[in-house]
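Notes follow once the structure below has been shown.
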Amino acid sequence: MSGTSRAQLCFLLLSVTALRGHARFLDIQDNEISPEGLLSLLSSELKRELPEEFVYRRALRCLDMVAVEGQFTFTAERPQLNCAVFFIGEPSDIISIEYDSVSIDCRGGDFIKVFDGWVMKGEKFPSTQDHPLPLYERYSDYCETGVTRPIVRSSQNVAMLFFRLHQSGSSFTVTFRKLINPFPCNVVSQTPEGSFTMIIPQQHRNCSFSIIYPVEIQIGELSLGQHNDLRRSILGCAGSGDFVELMGGNGMDTSKMYPMADLCYSFNGPAQMKVGCDNTVVRMVSSGKFVNRVSFQYRLLGHQELQQMKGNSVEDVCLRA
């Protein structure tokens, strides 16, 4: 991987800008932050082993990662104008954020907003193509709905909280909980290694599993219902209405990623591919006519493997970008 590409991997770009308008949702601009810092925070959070009856409490930072359930408080010691908290659960979780207490000046320009998903490098996960809600409905503004909607729930295992506080002493406290999702759809992996089975039970939707690392994907099983092979051969996988894509890219939006492989035949693996991109995605497209299922494993690629991939046509598309 080139020095430029590796440097890109070392930054998550995030900024928060409030737009005026009826929807009052956020537009994300560029603001560099270190992913190593975020991922180290995530690792330390995941290592915490707490008794069930114990309520974990800690202060929030202006830029933070939260993976452990508990109660979190932010108190501004000075104006904080561009802050964000990444929340993440297990693949089978959805996120619940409850406002416990809020002391901010909404009329003075303060805000607290929850986004249903994550934003990195100015791109959103899940993409607008894969999320069940239109973009403006994915933002929840406390200053508009906090009193009537004190609890906000995500559609997947990640969510973000953006806030801007102009005065020292302004504060808020939220409780973060994880709720079980029986059919996880869009997922961000907490780790660069693991396994997952994605099932779409006769629903017309797209689901993406995102791994924010260069990895090797090994598909062990793919079941896509029954199809007419002639129609599929003429129209390709996209024409079949039910298929799996392996994708790679240096951002989060699947619509802007490189297609590495399309799979539209059921099989029992293994089938594997190395993807040397900042972000690797297994994406399933479902027509809603069948119960579709894909099982896969993934592992982090080593430095030597990444070097060997240079010049290998499809595999190094991100390394050359």
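Just so you know, glycine gets a Cβ as well, placed from its N, Cα and C.
TrEMBL annotations: computationally assigned, not manually curated.
According to TrEMBL, the protein carries these features:
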- 1-23: signal peptide (SIGNAL)
- 55-178: domain 'Corticotropin-releasing factor binding protein N-terminal' (DOMAIN)
- Cys62-Cys83: disulfide bond (DISULFID)
- Cys106-Cys143: disulfide bond (DISULFID)
- Cys185-Cys207: disulfide bond (DISULFID)
- 187-307: domain 'Corticotropin-releasing factor binding protein C-terminal' (DOMAIN)
- Cys237-Cys264: disulfide bond (DISULFID)
- Cys277-Cys318: disulfide bond (DISULFID)
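Overlay of TrEMBL annotations on the structure.
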residue	record	Cβ within 10 Å
Cys62	disulfide bond	15
Cys83	disulfide bond	20
Cys106	disulfide bond	14
Cys143	disulfide bond	18
Cys185	disulfide bond	23
Cys207	disulfide bond	24
Cys237	disulfide bond	19
Cys264	disulfide bond	22
Cys277	disulfide bond	28
Cys318	disulfide bond	25
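Summarised by DSSP class, the composition of the domain 'Corticotropin-releasing factor binding protein N-terminal' (55-178) is 8 helix, 66 strand, 50 coil. Cα-Cα distance from Cys83 (disulfide bond) to Cys106 (disulfide bond): 16 Å (rounded to the nearest whole number). Here the domain 'Corticotropin-releasing factor binding protein C-terminal' (187-307) has, by DSSP, the following mix of helix, strand and coil residues: 20 helix, 68 strand, 33 coil. It is 19 Å from the Cα atom of Cys143 (disulfide bond) to that of Cys62 (disulfide bond).
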